[in-house]
Amino acid sequence: MTLNAESEALVGVSHPLDPLSRVEIARAVAILKEGPAAAESFRFISVELREPSKDDLRAGVAVAREADAVLVDRAQARSFEAVVDLEAGTVDSWKLLAENIQPPFMLDEFAECEDACRKDPEVIAALAKRGLTNLDLVCFEPWSVGYFGEDNEGRRLMRALVFVRDEADDSPYAHPIENFIVFYDLNAGKVVRLEDDQAIPVPSARGNYLPKYVGEARTDLKPLNITQPEGASFTVTGNHVTWADWSFRVGFTPREGLVLHQLKFKDQGVDRPVINRASLSEMVVPYGDTAPVQAKKNAFDSGEYNIGNMANSLTLGCDCLGEIKYFDGHSVDSHGNPWTIENAICMHEEDDSILWKHFDFREGTAETRRSRKLVISFIATVANYEYAFYWHLFLDGSIEFLVKATGILSTAGQLPGEKNPYGQSLNNDGLYAPIHQHMFNVRMDFELDGVKNAVYEVDMEYPEHNPTGTAFMAVDRLLETEQKAIRKTNEAKHRFWKIANHESKNLVNEPVAYRLIPTNGIQLAARDDAYVSKRAQFARNNLWVTAYDRTERFAAGEYPNQATGADDGLHIWTQKDRNIVDTDLVVWYTFGMHHVVRLEDWPVMPRQNIGFMLEPHGFFNQNPTLNLPTSTSTTQTGEADTCCHNGK
């Protein structure tokens with residue numbers, strides 16, 4: 001079968017990398033339900049675009065629209081992968097996954113778990129013994145169970161942490177029910193275990209941030225309006241964006257959220273490729289507390305929860321300011337119904353202070369140019385935390401990836417007056433929040449002036465001949481194989497890494513390059529023999545470089561949910577020790593936040609910035625922003641006022 005003209009119009013596909021539309025998702029589900037997934041027991045984990053091969057895209061050949069689907073058959077308690085040809089109407093591949101593989105959770109499975117816990121007789125009775133009888137105020141928060149050496153016998157499990165509210169709008173995180181965990185089997189559809197250990201008094205002090213609890217808002221801050229009277233400087237055609245010298249395509253997947261494709265920079269009229277594909281690959285949040293419940297908190301928010309599905313519908317004026325372009329995100333619920341996250345991705349421009357300036361004191365003249373950046377973002381809510389993910393593109397060719405962490409701490413209970421060395425007391429009523437980390441990995445499929453790239457490590461070194469003691473230099477070392485490219489940051493050596501193209505030379509006959517500035521380059525704090533370290537080995541180092549393989553997509557492997565970490569992921573792929581010199585390669589950078597909790601993080605956390613920079617390093621022959629015009633501002637009378645020129 002092929003899509004008819006009416007369906008094609010609904011699909012709205014203009015490029016092979018465009019995400020699947022709702023029509024295409026519905027079609028893929030229908031094809032699967034008419035075929036191998038006909039049974040009512042099947043649940044859909046994800047249906048997304050099967051991206052064409054890079055060779056086909058470069059060649060410009062016609063490619064079929066295909067969908068990758070992941071499903072679970074609850075009756076068999078087994079998982080499957082499928083490839084669907086949307087134009088032919090066929091299932092081209094149907095693969096039974098290994099018995100121990102558990103795909104990510106779906107959003108409606110979280111609601112299913114909470115509802116089942118609230119109705120379970122054993123749970124109700126156990127809570128009643130703790131004096132909690134109004135189940136409408138009890139909140140069950142499903143987490144992944146992780147892996148701690150146990151045999152879960154192929155069961156697809158969630159573990160629910162439990163909190164309680166004083167009233168409907170009260171923050172439940174102020175009132176954790178400690179040492180009380182409910183295990184729910186999604187395939188069996190029932191509670192299978194209850195861990196009800198030492199009861200600790202539920203903290204009663206509130207921790208609310210809603211206006212009705214906080215009181216009147218301050219009135220001394222005057223309006224700060226963002227105006228662009230001539231509109232935004234970007235042009236959008238479908239999912240293709242051009243802005244200043246940048247061009248790229250916007251993508252969205254249930255697993256990664258925002259994806260950037262075919263990132264190019266126009267230099268002297270030529271579109272030069274920089275990165276073929278860039279996205280969040282994985283993240284893990286391990287907790288450092290030894291308390292029984294807290295010690296098993298280590299969520300892989302991308303690989304276990306499909307963080308793209310948790311994207312917010314963004315609101316003008318609150319999440320993004322200025323002239324905004326939104327992109328919707330399409331996904332599927334567990335029953336195969338397409339659904340849309342409206343305004344899942346936000347794109348806008350921001351002023352970014354000065355870009356360059358010089359005052360010629362001899363002539364008494366100054367030249368200043370202001371910077372601006374293009375911001376492409378999405379924000380995901382993962383239970384208590386919010387993660388805002390940003391790609392920033394700058395006029396000088398720089399790129400920034402930034403995570404802004406906010407939301408509410410994951411809290412725990414202790415006896416009033418206790419001081420837990422593994423966390424911060426938030427009040428004197430027994431509430432604390434454990435120390436933890438937020439570890440992120442970003443995958444960047446570089447294509448710097450072409451496919452054949454290489455990576456250098458650059459360290460500061462002192463020469464042997466150094467009579468004044470002031471000499472130091474930057475020394476490049478080529479990373480030749482995957483094993484040699486497993487690296488850690490080193491601030492003492494001012495280390496950074498360069499991605500270069502030996503076949504493309506700049507003005508001084510050096511390979512063109514970009515450099516990765518490894519800010520926030522922390523590593524996993526857990527011991528190497530800890531289960532979370534074995535599962536999140538990507539977080540034990542900061543830099544990984546692999547030879548391109550389209551099947552190697554996620555740093556902790558394709559399916560980290562309940563996985564041991566022994567079979568998949570960067571640490572497995574790099575054992576091949578493939579050549580990474582003058583070849584198609586992928587750069588993976590791990591960074592994070594070591595979150596030592598403070599009182600100011602409660603009851604809602606001021607955002608914390610975590611990220612890194614990519615900067616051109618000999619990619620251009622000179623500063624590429626010399627052609628920027630002098631800037632103007634608008635006065636209160638509405639007249640243009642030149643704010644960046646001589647004599648002002």
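The backbone N, Cα and C atoms fix where each Cβ goes, glycine too.
The feature active site, proton acceptor is assigned by Swiss-Prot to ASP301. Taking Cβ-Cβ distances under 8 Å and a sequence separation of 6 or more, the neighbours of ASP301 (active site, proton acceptor) in its chain are MET283, VAL284, VAL285, ILE307, ALA380, VAL382, TYR387.
The active site, schiff-base intermediate with substrate feature in Swiss-Prot is assigned to TYR385. In the three-state DSSP scheme, TYR385 (active site, schiff-base intermediate with substrate) is classed as strand. Counting only residues at least six positions away in the same chain, the Cβ atoms of VAL285, ALA405, THR406, GLY407, ILE408, SER410 sit under 8 Å from the Cβ of TYR385 (active site, schiff-base intermediate with substrate).
All protein chains considered, the CB of TYR305 (substrate binding site) has 25 other CB atoms within 10 Å. Residues or ranges marked as substrate binding site by Swiss-Prot on the basis of similarity to another entry: 299-310, 382-387.
Sequence-distant contacts (6 or more apart, same chain, Cβ under 8 Å) of HIS595 (Cu cation binding site) comprise ILE435, HIS436, GLN437, HIS438, GLN608. As annotated by Swiss-Prot, Cu cation binding site applies to HIS436, HIS438, HIS595, with the evidence given as similarity to another entry.
According to Swiss-Prot, the Mn(2+) binding site annotation covers ASP445, PHE446, ASP584. When secondary structure is read from DSSP and collapsed to three states, ASP584 (Mn(2+) binding site) falls in the coil class. Every protein chain considered, the tally of other Cβ atoms within 10 Å of the Cβ of ASP584 (Mn(2+) binding site) stands at 17.
Other Cβ atoms within 10 Å of the Cβ of CYS346 (disulfide bond) number 25 in total over all chains. According to Swiss-Prot, the feature disulfide bond maps to CYS320-CYS346, an assignment based on similarity to another entry.
Marked as 2',4',5'-topaquinone by Swiss-Prot: TYR385.
The recorded positions shown are ALA299, TYR305, GLY308, CYS320; of these, the one with its CA atom nearest the CA of PHE446 (Mn(2+) binding site) is GLY308. DSSP assigns ASP301 (active site, proton acceptor) to coil, not to a helix or a strand. Under DSSP, GLY308 (substrate binding site) is assigned to a helix (H, G or I) in the three-state scheme. Those same-chain residues not listed among HIS436, HIS438, HIS595 yet with C-beta within 8 angstroms of the centroid of the Cu cation site C-beta atoms are VAL285, TYR287, ALA405, ILE435, GLN437, GLY592, MET593, HIS594. A Cβ within 8 Å of the Cβ centre of ASP445, PHE446, ASP584, the residues given for Mn(2+), is found for these other residues of the same chain: ILE275, ASN276, ARG277, MET444, GLU447, VAL451, ASN453, TYR548, LEU585, VAL586, VAL587.
In terms of local Cβ density within 10 Å, ALA299 ranks first among the binding-site residues ALA299, VAL382. Of all the recorded positions listed here (SER302, CYS320, CYS346), SER302 has the Cα closest to the Cα of ASP584 (Mn(2+) binding site).
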